[in-house]
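This report concerns only the one structure given below.
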């Protein structure tokens, strides 16, 4: 090793936690700013509480301001209670699962060497002695539990912030669209920064605590850290599926009876499913998304750290180079902090037309700044030349090679984000074509929407392919792992624009339920339509990064399991490949069916209430919201178990009975088919939703010719939107977790599969 890095170990040890703490402080500052909007009408003593009447635009002058605020506060309370009680129930189930799975990890990994406490030769460096297999079993289990708890916490905090901010956004909308935008965006930023900083901090502390035991055995240390990624993703799977089923059962039920049959507006307080629908936005889109992106982040870090630990970084115990993935994430927090200020402080939004460009600008600014950040990190924390493990051989790599790998991941993310936006935003022709097809009814709308989804896969796949080819050519498997980290390095900004969507959606719902004027509802609708597009961009990022992450984990698994080459022509591998490619379809079938059957119950309940509660349609009687919330809760908790079991058990069964080669085939197959299904499902659903919004908003001449609400084309658009709901919010986003989770689980259990796997083939 000719040269060492400029950044010493001590400095690396200081910089990582400092960046994480800066992130947490910034998040708390944003929270404080949001909390300055009051949601209680007491002590109206003039301008100091933010409700000086001169600030509020004319159309509210005559309205009963105090009554509106009280009503907003009540609705917010109901949504918050519904979301909290659902998550508590979900986490009770997940607690049992966590305990059971932790025991499985311990028993499987402990049994590799018969629970021996003897030190043994390292897997990759036979001359050295490493810690016993039993220690790996214990520490992997601890890392799994830590990852799971952090993941649950990420989701829960996100939900708390969103339910705190929704009514505040509604009230700010009375002062103009700019104020409402800033409130919603700041709340999203709280979630983004808390999640990025917590994920980094917990991982950093875990590594340092594990080092106290492992000492110089970095190979064992970073192998046990992979449990952190497994914990993060397994919680995300249940959060995403459970939350997705909850939100869409309510949404489909509310839309079909309310909008199509009864012809009442969306989020009308007479609709019994309306509270469940708004709760669903928080538990599915916010808590589920939070856990999901945290899982991606944890796994990308674990994959990179694991590959580095068996390369020259780990062998020479070069801590600052070893921590390269963590330093990138630390840099990401700082870059996103600067980026966020562009949206909230540097530029002010004055009109509706500026909302979407401002959110897109966030992506571009963070990507450009992060590219500079990556260059600095690469040249400071890495030696100028080093070797990386490449399936049994060593590959010589220069530090600028890694800069290219991370940067290409980052820019591929931007390409995927912008492509998704082009296919799902109603500002461009694809969605307008879908809206236009509603003229001839729902069938043509569905045909156009499906075609759009399939077509939207092309560019993202090429972007991922280029990123994979370049990063693998330059830096083998490690290159792919850091490319995934590059895509996720701006996670704080990505999550901020993503969480912004459901918060705006809720704000619109609250405005409608509190009976605010039409003008305010128009503003919240504009925020929400932009939010729909950003949510689709967020899903694009999650899927793209999942593809890179799982490929990196796949490489780590192949190395750890001791497979020399994965030969597609060998029957063992090929059967795995074809079964793996089928899994995303099986999984989607389960989640779609779950949404369908839960929505059926919801539709029946909403119809029953409209038919049996006298005076409900006239607005004299209150609907029974609680029953609808209960239907969604029960359905989602019951229905999240089979898809979850499918994903968690597949690697265990394939590895134990068919061996590591078949499992390698299963992983490759599910990765290749899952990415396509996920992108097309998310974009089809997003396009149908925005086609409906396009007709409702009636901004252009074309849109007016299709409207107004209640016209035949509008009804056709609502049907498309309803079909797209489970696609874009349940099946699509959960698939990226399926891809990653199977890969990280296989990596964690690789020592067991390599020793005891393939029982069936051994018997034959």
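Numbers run from 1 along the shown chain.
Cβ coordinates are placed from backbone N, Cα and C, and glycine is handled just like the others.
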Please find, within the list 265-287, 288-310, 518-540, 541-563, the residue stretch that TrEMBL describes as transmembrane segment.
541-563
Looking at the ranges 212-233, 234-255, 476-497, which is given as transmembrane segment in TrEMBL?
476-497
According to TrEMBL, which of these ranges is transmembrane segment: 40-67, 180-207?
180-207
Of the ranges 345-362, 363-380, 381-398, which one does TrEMBL flag as transmembrane segment?
363-380
Taking residues 6+ outside the transmembrane segment (541-563), which of them lie with a CB under 8 Å of any CB in it?
123, 223, 226, 229, 289, 292-293, 296, 299-300, 302-304, 306-307, 310, 389, 391-392, 409, 412-413, 416-417, 460, 463-464, 467-468, 476-477, 480-481, 483-484, 487-488, 494, 660-661, 663-664, 667-668, 671, 675, 678-679, 682, 732-733, 735-737, 739-740, 742-744, 746-747, 750-751, 753-754
Contact ranking winner - 12-34, 93-113, 133-159, 476-497, 646-668 against the transmembrane segment (180-207), Cβ under 8 Å:
12-34
Contact yes or no, the transmembrane segment (476-497) and the transmembrane segment (133-159), 3+ Cβ pairs under 8 Å, gap 6+:
no
Long-range Cβ neighbours of the transmembrane segment (646-668) (under 8 Å; 6 or more residues past either end):
101, 104, 234, 237, 550, 554, 557-558, 561-563, 566, 568, 570, 572-580, 583, 586-587, 590, 737-738, 741-743, 745-746, 749-750, 752-754, 756-761
Which bits of the chain, at least 6 residues beyond where the transmembrane segment (400-419) starts or stops, bring a Cβ under 8 A of a Cβ in it?
324, 328, 360, 363-364, 367, 370-371, 374-375, 378-379, 382, 456, 459-460, 463-464, 466-467, 470-471, 474-475, 478-480, 482-490, 537, 540-541, 543-545, 548
